[in-house]
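Per TrEMBL, the features are as follows:
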type     : residues  : note
TRANSMEM : A:12-36   : transmembrane segment
TRANSMEM : A:70-88   : transmembrane segment
TRANSMEM : A:100-117 : transmembrane segment
TRANSMEM : A:123-143 : transmembrane segment
TRANSMEM : A:155-175 : transmembrane segment
TRANSMEM : A:218-238 : transmembrane segment
TRANSMEM : A:269-288 : transmembrane segment
TRANSMEM : A:300-317 : transmembrane segment
TRANSMEM : A:324-345 : transmembrane segment
TRANSMEM : A:351-373 : transmembrane segment
Amino acid sequence: MLAGLLDSLYGGISIGAVLLIAALGLAIVFGLMGVINLAHGELMMLGAYTTFVVQNWFKSLGEPWFETYILFAIPIAFLVTALVGLILERGVIRFLYGRPLETLLATWGVSLILQQFVRSVNWVMVIGIALFCLLFFGALWVISRRADRERIRSWAIPIMVVLSLGIAFTIGKVLSETFELALTKPWFGTQGVDVTAPTWMRGGWLVELPEGSFQLSYVRLFIIGLTILCITGIYLFLQRSAWGLRIRAVTQNRSMSACLGIPTGKVDALTFAIGSGLAGVAGCAISLLGSVSPNTGQDYIVNTFMVVVVGGVGKLVGSIVAALAIGTMNYLIGSGILALLFQPIEPLFDLFTFFATTSMAKVMVFALIIIFLQIRPGGIFPQKGRSYEL
Amino acid sequence: MTSDSVIEIPGIDQRRKRRQSLLIEGGVVTLIALLLIIVFPLVLSDFRLSLLGRFLALAIAALAIDLIWGYTGLLSLGHGIFFALGGYALAMHLTLAPLEGDSLPEFMSLYGVDKLPWFWQPFDSFGFAVFAVIIVPAVVGGLFGYLVFRNRIRGVYFSILTQAATIVFFNFFNGQQKLFNGTNGLTNYQTLLGADVNATRTQFIFYTITILLLVVSYALCRWLTQGRFGYLLVAIRDDENRVRFSGYNPTGFKVLVFAISAGLAGIAGAMFTLQTGIVSPKAMDIAFSIEMVIWVAVGGRATLVGAILGALVVNFAKSILSENFAESWLFFQGGLFLLVVTVLPSGIVGWWRYSGYPVLLSLFGKRKEVITYPSLEEDPEVQREREEISH
């Protein structure tokens, strides 16, 4: 009984820890720019796939190296997703500031593209994309050096898009026909892939209790540790570094910061990159918990959003409390341990048994969140201010 | 009172003009409806016609989205819920219809249910099912809306909450094997009011009814978005706080419009279910709910016509593209989202209004006059002054 309860609590906290890393990125981006990134889940998925790639790479290096792959995978996942985030911000979101709902739709489009990209990416596609970028941006560079760039820009860009697309597509087609399967085979495919934890992370730490025992698995301990590390890192970055100060300033008052000479565009890009990078780290963590598929992001994303809604914007503490609360609630209700707790009280027991599956637990947690928002519509720690807005 | 009469009362001339344009619009709508009912069945193959019927049902859902997103500024990412609820309401009747006496639907006996659950029982009557198609989604939408809008939760927060609600309803319907046949959903309908559901004739009747419903929904939305109520919706979209400071309470209006929109989506779901012969939790997929939004965005927000157009265009494009390149549809769809938001923010209809039509006019040598403020242009004082200046 107690062992079961503690076991669920532990599981819930570790899930909450993953949610927390992901939500942290989402929350600082939302607090800064008012942008909700629907592709955040896909960035997590990219992080997970990066871990998979790094793992395979280290596997080929041999046994002693394989044990350490996770230590390299985390920073690499961070960098890869941060780069994707940076491209996303510079390429799309930058043009949509002040239009949060449109940004929502645009990022959803990006998430669809990323999902399908992971499903069908192969060498031909990569070569095609690289060619396109080379041609298109090369041409852009040439234009930017001409004196009459303003005049020819408007009609040159569409032509160049079509031309580069055409060339890239044709070369890709030719390549795929000459080399057949060697190049056109998808890297990952639609099936999920599995990441194996290094040997030192398998198993767990057995805790003996008077009426039974339960295991604290090392993987989950590692994840909790990783979360603590991330939070401390972000806290120190925001509070102690010059760029952290700028980020906080822009979060509080964008136009005033701009007046004082803070490059808000750079701050946005940097913050978005860091937020995305955190999603990558979260993806690294979820790859340790189970199989990774192109849909992985979707499973976590809604809970992550709920963390942002419940936690309130712009407060680290709010996100922490909300993530842990939601993760634990999900686990407690879903594993049926609450039903066991309320066994003496018949109606409550029936209620909790009805909700005692993973998917039904989400139903109940959502209902609880809606009730909670009736009491505190601004989240646990709403931002204080004199604005009449919520 | 006096100042009111100066600004408000439009001249008889203007009123007549308005009535005329309304008549023209009504004529066009009737013409299109007749065209769809009489001519298209002769021209199109059965397969394309059934597709068209389905997409017209989806167009009703698009109208619902346009009403709340285009006019009221509430981006709902959860209209799939209401769509599916409408579908389920009708499907429950269709499942019960061929049964005799106390027998249970097949899947229920399979999962060992021995008595029809209480909320299934009223669906035995067709009248109740039709009533429920509209009322159940409207009540669910209204309740959800009330709980959310009451706390002035709006904007992105509202969108996220609706999205989460989608997941929740999906999980609920997906998980309840005994009550709703879980993942498989309700399917294999036989009869409706004694008629064979799968007969070509019956399907054609459904197609016709869909068109009529679409016309009615369009008229309803048109009526709602005009006049005071429509202005209020737009005001809520543009500056909710100012509406509040002007002495209105936006909450009630938002709840009302959300409930109406949910009811419309329910109708759409029911008609879609009739024509596809299945309703499953898939209709509550997040992706489907967001797709609805993109139909409206592609067609043009706050134009109503745009919503219908967008639903048809995107769905036909989807069916053609996925017939030919099954895998790349997601790329296209994602690209469509990006394109519409960045390059074509006011959709096809908006583009036509603000760029296409004037360009066409200028091609024929006609230059459209720039009117900054229509009521000002029509003011006799201003016109007289203009004449004096030109002399």
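Indices start at 1 and increase along the chain as displayed.
Cβ atoms here come from the backbone N, Cα and C positions, even for glycine.
By the Cβ criterion (distance under 8 Å, sequence gap of 6 or more), the transmembrane segment (A:218-238) is not counted as touching the transmembrane segment (A:155-175), fewer than 3 such pairs being found.
Sequence-distant contacts of the transmembrane segment (A:100-117) (same chain, at least 6 residues past either end, Cβ-Cβ under 8 Å): 34-43, 45-46, 84, 88, 92-93, 294-295, 297. With respect to Cβ pairs under 8 Å, the transmembrane segment (A:300-317) is most closely packed against A:12-36, considering the stretches A:12-36, A:123-143, A:269-288, A:351-373. Among the listed stretches A:123-143, A:155-175, A:269-288, A:324-345, the one sharing the most Cβ pairs under 8 Å with the transmembrane segment (A:12-36) is A:269-288.
Long-range contacts of the transmembrane segment (A:351-373) within the same chain: residues 302-303, 306, 309-310, 326, 329-331, 333-336, 338-339, 342, each at least 6 residues beyond the stretch ends and with a Cβ under 8 Å from a Cβ of the stretch.
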